[in-house]
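Report on the structure given below.
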Amino acid sequence: MTVTEQTTARGFPLLPSRLSRGSQATRTTDNTAAALLLTFTVIAILWANSPWAQSYSTLLETHIGFGFGDHHFEMTVKHLVNDALMTFFFFIVGLEVTREFTIGELTDRSRAAVPVVAAAAGLIVPAIVFLAFNPSGDNAHAWGVVISTDTAFLVGALAIIKPKFPARVRLFLLTLAVVDDVGALVAIAVFYSDAIQVGPLVVAVAVLVALALVRFLPVARGPAYAVLGVALWVALYLAGIHPTLAGVAVALLIPVFTPERRPVERAVDQIRAFRQSPNSQYARAASRSLRESISINERMQTAVGPAVSFVILPLFALVNAGVLLDGQSLMTALRSPLTWGVVAGLVIGKFVGITGATWLMRRTGLGVLAPGLTLRRIAGGAALSGIGFTISLFIVDIAISDSSRQDQARIGVLAASVLAFVFGWAIFRITDWLSPPEPVGLKLLRPVEPDRDHVRGRYDAPLVLVEYGDFECPFCSRATGAIDEVRAHFGDDLLYVWRHFPLERAHPRAFDAARASEAAALQGKFWEMAHELFDHQDDLEWSDMYRYAVAAGCDIEQFDQDVRVHSSKVLHRVTDDAEDAEAMDLNATPTLFVNGIRHKGPWDAASLIRALEAGRR
């Protein structure tokens, strides 16, 4: 069970869209998208090498267009997908990048340092390796093919390999992927655009200014972004700048924010009014209030993301992965420094760059890895990062003009993706073999950290009781008073530790309650807030949290500030505990560990006392 995020009227800040979502539903969606991408890749390869290969080529070169008066505009199917539809892909990437740097994982510099530096090395080292094979000439211009990792395939590969305790390495790789995307976008904008036409460029700048002002419109901001986005695409196309960057530009200018208390409560009031007196006026007001309580960035990701994952990217694979793999093509590719440069850049360059940078950051003390994340696991993830598909094939099409050399580069990308998967699989399997996994969940994964954990009792107490629970769980020991009896029995001989494990499927308000407790903890009021939350388990709505914070002795303005502005710090404190619980395959609350060993059996005070007494002996 992993923490998920809900867009609800409870109003606490949302989790990052790509980094911190760990729900089974989200993972299933990611895996399905990766499977669909792989399916269409295979279809394209089979089609291009079948007796019907001519129909594949004919489809790609089919012209689609429109005209009015003396003006006509048309594109081939391939360019329609690569230059028009892929704009939506880069739009989603831009939204995610904006979010992560504004309110997401990359706002926490200490956590982001290692994956950010590793990502930068994972961009630079592959390019250097590629240029070692292709130091000059037209081939050298294709260095951008090897700099990017395909996030969809990366997530899917990790799901197929199933390494031991994947949560930490998955989060690390997704953080890395955001920076990887930024580097790829910069490379496309700077190095892979045609000669610039000044007139259309001036128009594009004017459209960008208009886009920056859209956020101040009182209504119809969505349609305004759409219309101006199309205008920007046309202006960039005419200016000689790759038009897909219009998607990035629009995304970067769309505001993103964490939901604030007043808009959320206003939405709740509107819904309550509609419930009491259903009519069209109240319905419109409630709908508008709900929309405005969530940033346009969030709404756009929700609206456009599925279409990108399940329609646009599979179409992109279909029109770009159809490489002729006959004997002559393969022999030409085997002798081509372009092919070998792509393979070496992605497979070796990514691995050396990411692993080496991570080792260097740890060695110099400039960064730290999350608990349970080892360099061996980073190495496995670094190997999988050599799966460079979507943006790699995209850059092949714009960096190389000769069709024969394009096929050589595409063969390199496909071969590198297969080799990177096998390489990553081998590293994870060897790692698990060298460090044989113990029975999952039998022992406490992360030792007690008095400076970090929420504890009661002496740090050097001979007995330790760790509880993973949530504030909505009616059976959690703290709620039933069992822990108080146990502490009273052992006195200073017992150290009690609370860790978060919000079971949202059963307890939908538990995650918000956990975050509220961490906001109170920043004022030294964790246990007071926990007491209030347990005492009011049936009333854990958003508005209730502030009332409980006051009762716990919190400064309410500081509490509100900590929840909203410092949301990443509060968030990580909860998700760290939840990821530990997932890694131990915990599935119920409360789950207790007696002196580091999982307690099995009743959790009433008498049973816990007997278990602890046995541990003393």
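Backbone N, Cα and C define each Cβ position, glycine as well.
As given in Swiss-Prot:
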type     : residues : note
DOMAIN   : 434-617  : domain 'Thioredoxin'
REGION   : 1-433    : region 'Na(+)/H(+) antiporter NhaA'
TRANSMEM : 33-53    : transmembrane segment
TRANSMEM : 75-95    : transmembrane segment
TRANSMEM : 113-133  : transmembrane segment
TRANSMEM : 141-161  : transmembrane segment
TRANSMEM : 171-191  : transmembrane segment
TRANSMEM : 194-214  : transmembrane segment
TRANSMEM : 234-254  : transmembrane segment
TRANSMEM : 304-324  : transmembrane segment
TRANSMEM : 340-360  : transmembrane segment
TRANSMEM : 378-398  : transmembrane segment
TRANSMEM : 411-431  : transmembrane segment
Contact call for the transmembrane segment (33-53) and the transmembrane segment (304-324): at least 3 Cβ pairs under 8 Å, seq gap 6+: yes
The transmembrane segment (113-133) vs the transmembrane segment (234-254): 3 or more CB pairs under 8 Å: no
Of 171-191, 194-214, 304-324, whichever stretch has the most CB pairs under 8 A to the transmembrane segment (141-161): 171-191
Contacting positions for the transmembrane segment (378-398) when only residues 6+ beyond its ends and CB under 8 Å are counted: 37, 41, 78, 82, 86, 89, 118, 122, 142, 144-150, 152-154, 157-158, 161, 163, 169, 172-173, 176, 180-181, 184, 187-188, 192, 242, 313, 316-317, 320-321, 342, 346-347, 349-351, 353-355, 358, 369, 406, 409-410, 413, 416-417, 419-421, 423-424, 426-428, 431
For the domain 'Thioredoxin' (434-617), mean pLDDT (0 to 100): 86
Touch test for the transmembrane segment (304-324) and the transmembrane segment (171-191), at least 3 Cβ pairs under 8 Å: no
Long-range neighbours of the transmembrane segment (194-214), counting only residues six or more past its ends (CB under 8 A): 221, 224-225, 228-229, 231-232, 235-241, 249-250, 253
